[in-house]
Amino acid sequence: MAPATPSRKPLMAGNWKMNNNHLEAIALVQKMAFALKEADYDAVDVAVLPPFTAIRSVQTLVDADRLGIQYGAQDVSQHASGAYTGEISASMLAKLKCSYAVVGHSERRQYHAETDEIVNAKARAALAADISPILCVGEGLDVRKAGGQVAHVLAQLDGGLAKIPADQVRRTVIAYEPVWAIGTGETATPKDAQEVCAAIRTRLAELYDGGPADEVRILYGGSVKGGNIAGIMAQDDVDGALVGGASLDPGEFVKICRYRDLPV
Ligand SMILES: O=C[C@H](O)COP(=O)(O)O
């Protein structure tokens, strides 16, 4: 596959999961913003994905201080509006100027029984509101041990992208997150990450004519930190990272954003 081009600007997205109230969120974004320089934003898109309750505060800070940090949500409803207690719609997130919404994170699939059909409906709801879905795919340890990771991930990809046309897939982000590497300290090797990310790009080329495969950003996620990001980013088909635990530490997250300065 072709190496990353300027049309695939790397994206480092910090998924805070269920951490940080709105006051803590402001403090964390301020620390990041203090450390990040213009050159960082030129090289990398930097995004935070706070809990829903903190998005408005992050928006206010980003707007007031004209920060280059992007932000988004960790989930979105598949429904547009109505009697869905506890749900947050894509149009509500668009009103908060969210750039991204994660869909199909393995924790949603596992704890909330989200199927590929639901994940697909969420991705389409996000796109309809001009929000880029970050579509998560990834295999469990049993699948990995049996060598079925590529087939498993491609089936999730096919399901997640169903009925999404080429002009919309261009703005979709795919995150490959092997479930066995999330929050465990076990990182996939750069070669493991490249194998699956390359297979994802090849499948995108099969599914879509006209070049979207070369434009879609594919992230790796799973115990990413300053010590392993450079090797992962050296892979041709990895265009960034979805970072969990390390994104809660501003120093570590900024280090990840500056992976170019780190040894491979
Ligand atoms: O969304 C992020 C991933 O689940 C990775 O989390 P982690 O970096 O804590 O392993």
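Using N, Cα and C of the backbone, Cβ positions are placed for all residues, glycine too.
Keep in mind the model is a prediction, meaning the values are calculated, not measured.
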| note | Checking TrEMBL, the member of GLY68, GLY183, GLY210 that binds substrate with ASN15, TRP16, LYS17, SER223, GLY244, GLY245 is GLY183
| request: Please report how many Å separate the Cα atom of TRP16 (substrate binding site) from that of HIS105 (active site, electrophile), as a whole number. | output: 12
| said: Within 10 Å of its Cβ, which one of these recorded positions (LYS17, HIS105) has the largest number of other Cβ atoms? | reply: HIS105
| note | Sequence-ordered list of residues in the chain of ASN15 (substrate binding site) that lie 6 or more positions away and have a Cβ within less than 8 Å of its Cβ, or none, is LEU49, GLN74, VAL102, HIS105, GLY221, LEU242, VAL243, GLY244, SER247
